[in-house]
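Input: a single structure, listed below in structure tokens.
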Amino acid sequence: MAVTEAAPKKPQLFEQTSQYRHWRFTPEALEELRTANNKRGVERVLQGLREEAQVDDETALETRISEATTNLLTPQEELQLVGYYLQMIVQTIRVYSRIHLLKPEALNNVKATAINFMKRFYLHNVVFDYPPKSIMLTCFYLATKVENSFMKIDDFIRPLQDAESKRGSKIQTKGDDILDLEFVVIQSLQFELAVHYPYRPAYGFFLDMQAYIDDVQLLKAVHDRTHHFIDISLFTDLVFLYQPPQIALGAFKLAAREKDLDIDPYLARRFDARELEVLYPILDDVQDVISGFKNISQKEAQLIDRKLILCRNPEKNPNSKLYKKKVADQADTPYVSDSDSD
Amino acid sequence: MELGSKPILGEEINKETESLYKKEKKLGEGTYAVVYLGRHVKTERKVAIKKIKLGNARSGLDMSAIREVKALRELRHPNVIELIDVFSHKANLNLVLEFLDMDLEAVIKDKSLVFMPADIKSWLMMALRGLDHCHKCWLLHRDLKPNNFLIASDGQLKLADFGLAREFGDVRRAMTSQTVTRWYRAPELLLGATNYTGAVDIWAMGCVFAELLLRAPYLPGDSDLGQLTTIFKARGTPTEDDWPGLNKLPMGFKFENHPRPQFSELFHGASDDALVLMNRMLLFNPADRVTAAEALQSDYFANHPRPTDPAKLPRPKQNIAGAIIGEEEEPAVKKRRHQDAFEDVFADDNSGGVENALDPAAKRMDLRIPSPA
């Protein structure tokens, strides 16, 4: 083809993003994926327990299996547990900003990316294999890199260790634990690291609305409040269902309603009737999901965490006898050098 | 159920991806990566598999790997190298890239090739199209130079090596000024700007344009400070008029006043429309510099001659097996180049380029058909 020929008609730029191509679902597909994922995860737990019994105590198998079966987490419980640790990410990140390890302008991006990574991770993993407590820090660390806020791993874990020693508890956070999971996480993200959020579209709408709405002070207050609702949206499944500008506009509507600003005339002037017919149900859903969001309490999470102890998959649990045996077996195998490994 | 037996787990999907490709032979090795010739097992498509070494990475995956994967996963354009797949194997990251075995640096350096003005126009047009796409996606390349433009067997030129790429547009976020290989580094970066735009890539592109005409690097400075002097000698020392706000840049130095030489003295074989465009790419004030989209609309591309069909562009006989590594073959150079990306302790010693730049004969564009040797 000669370079001078006109290029074929290109799709919208956003349609090229990995977020649009691979991380969009209908509510039904999302539920189906989570149910299937949980079901297969349960099978692996039982299989792992049977394998472990062979290297451990055969007689304990039945007790272990019945313990595990009565404590197995439902897809809903898995979601709640992950949800709790999503909230923990936000708390942890605050520590870093307080001691200036993360710049204020990087904060939103790192936070949103870390949360999004963790949500995506659990579409392709279950908590039985990888409990969210450990995945959380790897997602956070990876997010600092992806959002151009790199710090060395030693600098990254210091505030966490400081907090542990201040509490008088044993130092449990180790850099290696975080790094060991880096490949597990990044492969589950299918190496797609660019994430788009509603913050920038919301700012775009804020600028655009100034041409239509006279009270800029009020509009600014609404925009500020919009951030609060976007923050909430990050915890929900909205990121898998709608585009960032749609979520931004839904959040805008919630904020506007709170402050008695009517943005419907703006929408009516900006979009034609057919577009509005598609847009309004989306905006309604976004508003419903955001206003219906509830934090997971520590108590709820503890209950689920306690059950999880009994239904972990031993194959992936570094503390299990099965895991240790597998690692030892691997070490025993003579090292075969191939040009492909280093 | 629709999912059936389809893999769900990240681990399973990764394994499935890995099983799609086989490595055939090693093409080259750099400090940062090994490149293999590979093939898709079903389609037989030839690919390059770039295995990123993480041997010494104390903090896990390094930033250049993250940047490259993050950028290329989002970009789809005929003039940007295609990242077909990614998979991990043990603690290695494998990028499956389209197979490309030539780069623009090798083309420029092959003095047996003669460039016609239409050839240069064709390369520049493809390069600008790729860059325009990056900028439209809010991505800065930040390391444009001839050996990061790879060339496919059909002659298509592709932007490659996105290890320094990052998104831009958020004015509150500072970016490092220690980026871009020195000879192609824009003046605002040399002066320490931490807030910049696609204009830094355009400057580099302007330098590459000049290099295509000269067949030698246009602005080969010998140190960071020397680079500014080199630029000022070639382009004249800028005044507050050329570049309002110049005195407010972080590093305010006083430079000797160099007059602005006429472009046409150095590039006397080049057409006026080419020089007008090159001048707009190499303006001191980044806000005045032409954008990639504007450059593509310039008279240079509208006027005759029409750009050469990529398949008919001059090409060295010898392919470069490891072109995708994006590093020179000689180990010492490789090492320095890698450090440069992070620490900026780079002393360019690409002696061929320096010598040629000092040779006045080499500074002129040769448009003659060579007589058979």
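Glycine is treated like the rest: Cβ placed from N, Cα and C.
Taken from TrEMBL, the feature active site, proton acceptor covers B:D143. The feature ATP binding site is assigned by TrEMBL to B:L27, B:G28, B:E29, B:G30, B:T31, B:Y32, B:A33, B:V34, B:V35, B:K50, B:K51. What TrEMBL lists as domain 'Protein kinase' is B:21-301.
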Which one is it: of the recorded positions B:E29, B:D143, which Cβ has the fewest other Cβ atoms within 10 Å in this structure? B:E29
Max CA-CA distance, Å, over listed ATP-binding residues B:L27, B:G28, B:E29, B:G30, B:T31, B:Y32, B:A33, B:V34, B:V35, B:K50, B:K51: 14
Please report the distance from the Cα of B:K51 (ATP binding site) to the Cα of B:D143 (active site, proton acceptor), rounded to the nearest angstrom. 20
Length of the line joining the Cα atoms of B:E29 (ATP binding site) and B:D143 (active site, proton acceptor), in Å: 20
Validating a neighbour-count step here. Other CB atoms within 10 A of the CB of B:V35 (ATP binding site): how many? 24
For the binding-site residues listed (B:L27, B:A33), most other Cβ atoms within 10 Å of the Cβ sits at B:A33
So which of the binding-site residues is most packed in, judged by how many other Cβ atoms lie within 10 Å of its Cβ, out of B:T31, B:K51? B:K51
Mean pLDDT, the domain 'Protein kinase' (B:21-301)? 92
How many Å separate the Cα atoms of B:L27 (ATP binding site) and B:D143 (active site, proton acceptor)? 23
Give the distance between the Cα atoms of B:A33 (ATP binding site) and the residue listed as 'active site, proton acceptor', rounded to the nearest whole Å. 17
Going by DSSP, is B:L27 (ATP binding site) part of a helix, a strand, or coil? strand
